[in-house]
């Protein structure tokens, strides 16, 4: 039943044709079950393992590799002679890469689907209902509850369905619904109708929501929604409807794959077509078909050369290393690609409570009355330092440090705070922090008493555990709490009845200590405490006190104020009717006003500086909270989200104000707003959608079940470490310390990772360009193969893979958080950069072909043929006069391929050293700034020597050891690449970047 909160309890019962005493009949239960189904959330129908495996092969790069592997496998079957074994190495290695990538992909997908399943932990196993088939309350399985059932809940129970309250059987009913609404304190419920069709869940005080917990009290309610129709069920439906977006990096790699596939197709076809005239050469036995197959193999080698096979592994490694660095900064990343996405975050939508603030309610101001004569009223005002539950802080009057024991009013105020209180401080030795036991508001008062130390208790030498309650203990030794008159909605206050512990004739008698909403408490005060005297409360004094409280409760302060009072001569406890809560208000009249405290959930000290950093980095911070607008705007001003006098019109909205806007106005509001107050989870999702329509990359924080859909929808969902399992499962990142500063640190890390990723992607691609140029050139010129597929795989995966991974450790730029967020649609390689890496790649290809050609033409150990003979090597035969005196087998020697491979590897090592910085010279940013890179270069060269010297690797890779003279030629051809890149960097710094700055 929608909008049950609008109806009276009697109307709701009438709609379901049920009575609170009798409950549903078995017939009604059967009908309702058929109509509404079981009261449970359906299990997530995840993708089958086979579907997940198939998905991993939808990537274009992967499909090209798969095709290359299959073709290589077929060609390997037709190999003859000693190449029969080595021919299978290439397809097997490619298949291993694909299988490994698929396993990682499937594992990540399986992990990501757990968010919806985690919702089920909030479903209780059992429920208590009243039905006509049995007298009294009966326990049944929660899944069997149907709309119309009369359900009983009591303290400690998990609510089994959405209920409309019909009767509260205790003084009050308090419910912890933080998982659903994000409210940090438990909520007092009632049974009255709420005539507001647009009330948000926080305002539906006559409703209990499935999955929330009863904090205190006992009540009856009628089930108005079950299963997917509950608020929890709606969240499940929203989560199921959210399709995961591909990250900017994934989209870029997809685009890169498309471009690469087109380029590969064109080049492969071109190589094959250009050589049609050579298909019938003698080297192929005069068989046109054999010649066609030979050049087809070269085309396949080209495909293998063009694809950076090591790229997926290097990216995964770099992101994994990034997650480790982030974890040290309290940001635990669950989804690897989101590490890079953090780097282009342009908007951070942050919860207020616990993220921007400490979620540790603290008293920061208090006052007692200094003078209350007929026409004048003067107050003693104090400020208190400290923003956490740590019982340390200073009490000041103006700039002056004060000893609270010197003010009689403060001694009495501390006494009320300590005794009219059911909370305590506890020192958590494992975490090394003080924590609350009980309600946040009351814990703030407990902490205040410790800071005030009105009896000058000696606190030296106390352990932290003892320090947690030392000053409160002293007060509690003087008075004994007899009983508590619980808080109720009508009187907005609570009180305790205390008697002195010492039977001293001079000791004061029994007292009632009262705390509550200032207007309500002061209305029942007839006098005011001035020092140790009791003075009648005049209209002037009353108005002066209320004006001060109104000032604290609004504007830039926006404190939550509590009035503290006593009843000096209460009735005898024997004469009080404690079972009738309607009498409580009479016992709490004729009060003496003692003082007032103002508290707030204080901003985290480090957050203001982080918001300034975000502003400099071009990142907009938006506060989203369930709190009221006044409090939210005040906190925004304290944090620097708004200026002290800034007009917030059009920049701060409540959920209701946002709903009143047209869809286009909502879009524009999301573009300019920096504060959303009194919002529901659905608003968060709409805010994310609107921001995404402007191509903003949004980071959204959340901790409750209600936040899960928005966390899943945002590019970066950030859950709190103290949040629910559902939120953590839906998020890409979890903050172990719940601190906004950790988000900013993670964004900085994300930017650094992206910069490093650009370096190694470009490094790998320039290598691939070189390999393509090499094979293309040999095919066009009709030269013998300089590099074979298995060698290309070795270079792409191992030799290049190690330095590429080490580039992930490059130090970040010092001005990384001074730049605007990069455009997520900006290409990895474009314009000038494309030319740069093409130039390097062409040099790599030319040098590689030159090395192989040098051996044939000039090496003393080589055949020293002419270039014309080399170009026509396929026509070599004993009866061809062009090749008189030349052994045709020399054209299949391993020396030229070894020379080419050695030049390729050495140039790539020089390239890696060049990649420490995109534009800075090696003289400004030398390679030893990244010691990991130096280690990787040494390791890669060691592996290269390994395949040259250690059997059976030379056979597998078709290589042979080189002489010292040959290594000299390799270095002569390789080292100029450093000079070429330095020249290109110089042009970048002095011409290309300057033009960008002028623009």
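Including glycine, each Cβ sits where the backbone N, Cα and C put it.
The model shown is predicted, which means the values in this text are computed figures rather than measured ones.
Per Swiss-Prot, active site, 4-aspartylphosphate intermediate is recorded for 351. Annotation source Swiss-Prot lists Ca(2+) 2 binding site at 304, 305, 307, 309, 796, 800, citing similarity to another entry. What Swiss-Prot lists as Mg(2+) binding site is 351, 353, 703. Positions annotated as ATP binding site by Swiss-Prot, on the basis of similarity to another entry: 353, 442, 489, 515, 560, 625, 626, 627, 678, 684, 706. What Swiss-Prot lists as Ca(2+) 1 binding site is 768, 771, 799, 800, 908. According to Swiss-Prot, the phosphoserine annotation covers 17, 662, on the basis of similarity to another entry. Sequence annotations record features per position, and here Swiss-Prot assigns phosphothreonine to 19, 415. Residues or ranges marked as region 'Interaction with phospholamban 1' in Swiss-Prot: 370-400. Look at Swiss-Prot and you will find 49-69, 90-110, 254-273, 296-313, 758-777, 788-808, 829-851, 898-917, 931-949, 965-985 tagged as transmembrane segment.
Distribution of Swiss-Prot features across the structure.
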residue: 19; record: phosphothreonine; contacts (Cβ under 8 Å, 6+ apart): 13
residue: 304; record: Ca(2+) 2 binding site; contacts (Cβ under 8 Å, 6+ apart): 68, 72, 90, 94, 789, 792, 793, 796
residue: 307; record: Ca(2+) 2 binding site; contacts (Cβ under 8 Å, 6+ apart): 61, 64, 65, 68, 260, 264, 768, 796
residue: 560; record: ATP binding site; contacts (Cβ under 8 Å, 6+ apart): 361, 441, 553, 598, 599, 600
residue: 662; record: phosphoserine; contacts (Cβ under 8 Å, 6+ apart): none
residue: 678; record: ATP binding site; contacts (Cβ under 8 Å, 6+ apart): 200, 202, 625, 626, 627, 628, 629, 654, 655, 656
Number of Cβ atoms other than its own within 10 Å, given for the residue listed as 'active site, 4-aspartylphosphate intermediate': 26
Entries of 17, 351, 415, 489 which, being recorded positions, have CA atoms within 10 angstroms of residue 703 (Mg(2+) binding site): 351
Greatest C-beta neighbour count within 10 angstroms, which of the recorded positions 17, 353, 415, 706, 799: 706
Contact call for the transmembrane segment (965-985) against the transmembrane segment (758-777), three or more Cβ pairs under 8 Å: no
Per-region confidence, the region 'Interaction with phospholamban 1' (370-400) (mean pLDDT, whole number): 91
Distance from residue 415 (phosphothreonine) back to residue 908 (Ca(2+) 1 binding site), taken between C-alpha atoms, in Å: 76
Using Cα positions only, nearest of the recorded positions to residue 351 (active site, 4-aspartylphosphate intermediate) (17, 706, 771, 799): 706
Residue among recorded positions 17, 415, 706, 771, 800 with Cα closest to the Cα of residue 353 (Mg(2+) binding site): 706
Rounded Cα-Cα span from residue 799 (Ca(2+) 1 binding site) to residue 17 (phosphoserine), Å: 77
For residue 351 (active site, 4-aspartylphosphate intermediate): DSSP state (helix, strand, coil): strand
Other CB atoms, at most 10 A from the CB of residue 908 (Ca(2+) 1 binding site): 25
Other C-beta atoms that fall within 10 angstroms of the C-beta of residue 800 (Ca(2+) 2 binding site): 30
Residue from 415, 706, 800 whose C-alpha is spatially nearest that of residue 771 (Ca(2+) 1 binding site), among the recorded positions: 800
Cβ neighbour count (within 10 Å, all chains shown) around residue 768 (Ca(2+) 1 binding site): 25
